[in-house]
Amino acid sequence: MQRDQVIVVKLGTSVLTGGTDKLDKAHMVELVRQCCELKKQGHHVILVSSGAVAAGREQLLKPCGRSVIDKQMLAAVGQGQLIHIWQSLFALYGVNVGQMLLTRADVNDRERYLNARDTLNALLNYDVVPIINENDAVATSEIKVGDNDNLSALVAILANANKLLLLTDQEGLFTSDPRTNADATLIGEVSDINDELRQLAGGSGTNLGTGGMATKLQAADIARRAGVEVIIAKGAGKNVILKCMSEQLPGTRFLKLTAPKEGRKKWLLAGPKSSGQIVIDAGAITALQTKGASLLAKGVTNALGAFERGDLISVINSDKQLIARGLTRFSSSEVNKIKGAHSKQIGELLDYDGGAEVLHRDDLILL
């Protein structure tokens, strides 16, 4: 096994509570022991920890509603309690922890993304275990990542991680729902995430948590495209974290793509929300996917939404399937003026020469 790997471990609410409404501190100790064993082997460990709402509910010792405001209040109460528990448990092994609370806004902006990356790397360089959660107490719908599965994928990209372990209450990804079908079998390895797999994943979650298997599959797809191997496994399994680093691999393993993206394209994959969409024709799709070409106006059929030059947009086909993401060199109104036009016509159509490419190949990433 390669030493000095960066391992992101995502612990869902169901793992930390054991399916109850309280944190299972005995199991948390066991998870900490395994993380510290990885550190002894020379690896860096990052925890993406759910459980703030559950900790807040336990701390208040009274019933609370389940509205957004109630959950944000519980997160505000519970986040301090949660980090205190992690700090106490890691201290048993002489390991320091550091807290980072993130929102989508921290990765939308390139400068903030780089600052978050530098802070994360500094914690690892000082042999500190970062404990990361979304800033649920203040995050609004516009800046929320939405679930810690996708947050952990973004963290794995930030940290340039080798592995992402998504620990849950399920053994992994099955051929059908094992809770309703006794004949369901575990899928041991996945090399490509397609529509059939997405259907298998469904969309279940727990009352205390926000993530089901569908969000884990989405997170796995993001991370593997950035060159991160992903494993979905049952968090209650004996030595599950250590086994994920051995040949006794539990759960479902998602193979990383053979060519990890460079830093700028990782950011395009991980961070910003798309401001709009550009629809392209079959010829443009072929040029992007087989020739590594830039997107020219001639291959564009429509621009959807309102976006400005420099915004991140999604590139889709006529069936609304996602083809790529990238930084546009024209606004939505300009794209609709030049769509279908030859490059030499752009200056005349816009009264200025903005260049031939709607998206330059250096500013886009294929999906």
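Glycine residues also receive a Cβ, built from the backbone N, Cα and C atoms like all the rest.
For reference, Swiss-Prot has these:
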- Lys10, Thr168, Asp169, Thr210, Gly211, Gly212, Met213, Ala214, Thr215, Lys216: ATP binding site (BINDING)
- Ser50, Asp136, Asn148: substrate binding site (BINDING)
- 275-353: domain 'PUA' (DOMAIN)
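On the structure: features taken from Swiss-Prot.
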residue: Lys10; record: ATP binding site; CB count, 10 Å: 31
residue: Ser50; record: substrate binding site; CB count, 10 Å: 29
residue: Asn148; record: substrate binding site; CB count, 10 Å: 28
residue: Asp169; record: ATP binding site; CB count, 10 Å: 16
residue: Met213; record: ATP binding site; CB count, 10 Å: 24
residue: Thr215; record: ATP binding site; CB count, 10 Å: 23
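Straight-line distance linking the Cα atoms of Asp169 (ATP binding site) and Ser50 (substrate binding site), rounded to a whole number, equals 13 Å. The two recorded residues, Asn148 (substrate binding site) and Met213 (ATP binding site), show a Cα separation of 12 Å. Under DSSP, Thr215 (ATP binding site) is assigned to a helix (H, G or I) in the three-state scheme.
Separating the Cα atoms of Lys10 (ATP binding site) and Ser50 (substrate binding site) is a whole-number distance of 8 Å. Between the C-alpha atoms of Met213 (ATP binding site) and Ser50 (substrate binding site), the distance comes to 15 Å. DSSP states for the domain 'PUA' (275-353), grouped as helix (H, G, I), strand (E, B) and coil, give 28 helix, 22 strand, 29 coil.
Across the fold, the C-alpha of Thr215 (ATP binding site) and the C-alpha of Ser50 (substrate binding site) stand 14 Å from each other.
Within the model, the domain 'PUA' (275-353) carries an average pLDDT of 90.
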